[in-house]
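The structure appears right after this line, and notes come after that.
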Amino acid sequence: MMATFSCVCCGTSTTSTYCGKRCERKHVYSETRNKRLELYKKYLLEPQKCALNGIVGHSCGMPCSIAEEACDQLPIVSRFCGQKHADLYDSLLKRSEQELLLEFLQKKMQELKLSHIVKMAKLESEVNAIRKSVASSFEDSVGCDDSSSVSKL
């Protein structure tokens, strides 16, 4: 019999620490973010935002990486949260502002379309459920009137 645990991230029942890769990434992200914020607080520094936030259509919720020195000097603060975003930033700088804006707006438009489709499907199912309940209650009330009129004859 396998032992069951609760996922550290979402609390669902699982056979390991995390229920899946998504929860594992989310938990590691959260821990890293909290450790960085503690270091900023320790040195009385204002948390710096990743420089990727300066590019149109890109954002990052992770504070810039911060490294403590061996001696009690001020820590080294990077412009980015990690190497992946530093590389992405460099590649995005090669593109024009208009190109980035167009790409961002196209993504946003696609997200809004999908969101709209989901909302419309939900509304349609609610309307159909109401129509069905109204139709069945109408049939019940009509059925009662017919039976009472028949018994009077």
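Cβ atoms are placed via backbone N, Cα and C, with glycine included.
Around S96 (phosphoserine), no same-chain residue at least 6 positions away in sequence has a Cβ under 8 Å from its Cβ. Among the features that Swiss-Prot reports, phosphoserine is placed at S96.
Residues or ranges marked as region 'Basic motif (BM)' in Swiss-Prot: 19-47. Over the region 'Basic motif (BM)' (19-47), the average per-residue pLDDT in this prediction is 93.
For 60-85, the entry in Swiss-Prot reads region 'C-2'. Counting residues of the region 'C-2' (60-85) by DSSP class, helix then strand then coil, yields 3 helix, 5 strand, 18 coil.
With a cut-off of 8 Å between Cβ atoms, the residues of this chain six or more beyond the region 'Interaction with replication protein alpha-A' (86-127) that come close are 51-52, 55-58, 78-80. Positions annotated as region 'Interaction with replication protein alpha-A' by Swiss-Prot: 86-127.
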When secondary structure is assigned with DSSP, how many helix, strand and coil residues does the region 'Basic motif (BM)' (19-47) contain? 22 helix, 0 strand, 7 coil
